[in-house]
């Protein structure tokens, strides 16, 4: 069975790719540049991960209209990228308004054209930053949208294998699957060495700490995030 991967180049999409590869899907990978600060590094990570898993069918999409819309510190350089707040319950400034719906719409279009019946995305609800478009209920609803908005014979289903995992579980699963974490990129701020202090870096570093493993990518600083 053929499956499309939404592959950002981050840790979650990497492990999702490893899971889909293990399950034997014929994989096609989509990467979206939406005007984010670290788009060049993320694109490099996408290509490296796709090379690692020998994924030859790829689509690199430009959706920089999301950057022009603004409203997120990931795309609007007038908004600072906030430091880590691992206990915060609010929606952070890094939230890109309705981003995942845009990504899914493009991925469903491509899936329909190339005959893919499954669509993988590395969304995480349990240990995410509180993004509303990373919740299971969102993907359940979007599967209904696909059912109503595509040809009856299309049969595309979104799969979210990480949705209920904690970040530390994702690291453990990735290690068990031999996922090349050194090719992934999570930092919101930097394309050189990861900053180590943005929310995404902090969640990643804490996950590796909880597993007793050193994250293989380079950091400007490596704070301890376990109390």
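Using the three backbone atoms N, Cα and C, a Cβ is placed for every residue, glycine included.
Features reported for this protein in Swiss-Prot:
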- 7, 8, 9, 10, 11, 12, 13, 14, 15, 16, 17: ATP binding site (BINDING)
- 187, 195, 198, 201: Zn(2+) binding site (BINDING)
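Overlay of Swiss-Prot annotations on the structure.
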| residue | record | DSSP (3 states) |
| --- | --- | --- |
| 7 | ATP binding site | coil |
| 13 | ATP binding site | helix |
| 187 | Zn(2+) binding site | coil |
| 195 | Zn(2+) binding site | coil |
| 201 | Zn(2+) binding site | helix |
Inset, instruction - Filter the binding-site residues 187, 195, 198, 201 down to the ones within 10 angstroms of residue 15 (ATP binding site), Cα to Cα, kept in sequence order. - result: none
Legend entry - From binding-site residues 195, 198, 201, the one whose Cα lies nearest residue 13 (ATP binding site): 201
Legend entry - Cα-nearest neighbour of residue 201 (Zn(2+) binding site) within the listed binding-site residues, 9, 11, 17: 11
Inset, instruction - Give the residue from the binding-site residues 13, 17 that has the most other Cβ atoms within 10 Å of its Cβ, counting over every protein chain displayed. - result: 17
Inset, instruction - Fill in the CA-CA distance, residue 17 (ATP binding site) to residue 187 (Zn(2+) binding site), as an integer in Å. - result: 19
Inset, instruction - Would you mind ranking the binding-site residues 11, 187 by how many other Cβ atoms sit within 10 Å of each Cβ and giving me the lowest? - result: 187
Inset, instruction - For the recorded ATP site, enumerate neighbouring residues of the same chain (Cβ within 8 Å of the Cβ centroid of 7, 8, 9, 10, 11, 12, 13, 14, 15, 16, 17, site residues themselves excluded), in sequence order. - result: 49, 122, 184
Legend entry - Neighbours of 187, 195, 198, 201 excl. site residues, C-beta within 8 Å of centre, Zn(2+): 81, 186, 188, 189, 190, 194, 196, 197, 199, 200, 202, 219
